[in-house]
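Q: The structure's right below; bear with me while I get my questions together.
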Amino acid sequence: MLHPIQLTDTARRIQAGETPDDDTLLSLIRMPDDRTFLLFPGADLLREHFFGTSVHLCVIRNGKSGRCSEDCAFCSQSVRAKADIDAYPLISEIDLAEPGRRLESTPVNRYSVVTSGRGLSSAEVSTVSRALAAIDTTAVSTCASLGILDPGQLAMLRDAGVTRYHHNLESAESLFANVCTTHTYEERVQTVKAAKAAGLSVCCGGIFGLGETDDQVAELAFALRDLDVDSVPVNFLVPIKGTAMEKASRLTPLRCLRIIAFLRHVLPDKEIIVCGGRVHNLGDLHPLVFYAGASGIMTGDYLTTSGRNLADDLALLATLGMTPREKAG
């Protein structure tokens with residue numbers, strides 16, 4: 001186990017452009033809960049070096065809910081789940097665009113439309129593209145998370161002004177068969193590569209709390225590093241009644257913080273955005289995500305669960321002496 005001085009020295013070497021060997025990085029995620037706070041100085045150093053005290057804010061809209069053919073064990077939208085959720089087909093262009101247009105006058109950086117299902121038809125992608133094209137992207141950048149798409153569909157989004165595509169790996173490859181059996185891990189990897197080839201930046205991360213070991217946390221982090229993704233959404237499982245993982249063991253707040261700090265050391269210059277399960281899993285410790293290395297948060301509601309409202313998150317940033325990220329436009 002590394003001494004506190006060695007931990008900070010590791011972060012300084014990363015800051016200088018060095019890449020520690022994987023064994024050194026593995027020692028960080030393997031630390032016990034009661035030593036998690038020792039990772040904060042290095043993680044905070046790296047976050048501030050690459051991102052200062054500004055925080056990326058993003059908001060999502062569930063554009064198509066439920067009735068998903070896939071069997072992801074954590075997901076309430078799967079047809080295999082018996083969760084009590086609202087299910088509906090793709091909503092109208094106006095309803096897809098309106099939340100994004102309302103964000104134009106707020107500090108929110110990105111607005112994303114997220115849909116259930118393995119993927120969308122080209123007609124549905126066209127609807128989403130037209131909706132997102134109606135948003136002033138100098139005021140709020142647009143993203144999409146529409147499942148497995150082909151190059152032509154990804155190009156359609158790009159041509160509509162969408163600059164980022166979201167598609168999670170969800171878990172380490174060695175765990176994936178326990179998470180989903182209706183599509184492969186490699187299909188997810190290829191979708192990420194296709195989005196990059198289409199000229200889109202990529203938001204790609206996973207969900208923690210699926211039963212992964214420390215080494216599987218590292219396996220996922222190293223895969224994200226190898227894919228050179230631009231942004232990493234970090235979700236912590238909120239077990240939902242009616243899903244295969246409704247009785248999953250709850251993550252400790254300190255483990256959540258250690259995962260964030262580990263990711264910051266592995267992916268020092270990437271946007272790390274804490275998304276689903278932030279308050280549910282971290283409770284009173286959720287403001288510490290920034291000192292653990294997070295450079296962004298998702299604000300507002302999630303797909304089928306509620307989140308914190310924007311006003312509360314802006315007040316939190318002010319209390320911490322942080323500011324919303326300046327808009328790209």
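Cβ from N, Cα, C; glycine included.
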Q: Among SER105, SER112, SER171, SER174, which residue does Swiss-Prot name as a further [2Fe-2S] cluster binder in the site formed by CYS143, CYS203?
A: SER112
Q: Taking the Cα atoms as reference points, how far is CYS68 ([4Fe-4S] cluster binding site) from SER112 ([2Fe-2S] cluster binding site) in Å?
A: 19
Q: With Cβ-Cβ distance below 8 Å and at least 6 positions apart along the chain, what are the contacts of CYS203 ([2Fe-2S] cluster binding site)? List them in sequence order.
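A: Non-local contacts for CYS203 ([2Fe-2S] cluster binding site): CYS143, SER145, ARG164, TYR165, HIS166, HIS167, VAL229, ASP230, SER231, VAL232, PRO233, GLU271, ILE273.
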Q: Give me the count of other Cβ atoms within 10 A of the Cβ belonging to CYS68 ([4Fe-4S] cluster binding site).
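A: Cβ-Cβ neighbours of CYS68 ([4Fe-4S] cluster binding site) within 10 Å number 22.
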Q: Which residues, sitting 6 or more apart from SER112 ([2Fe-2S] cluster binding site) on the same chain, put a CB under 8 Å from its CB?
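A: In sequence order, the residues whose Cβ lies under 8 Å from that of SER112 ([2Fe-2S] cluster binding site) (at least 6 apart) are CYS58, VAL59, ILE60, ARG61, THR142, CYS143, ALA144, SER145, ARG164, HIS166.
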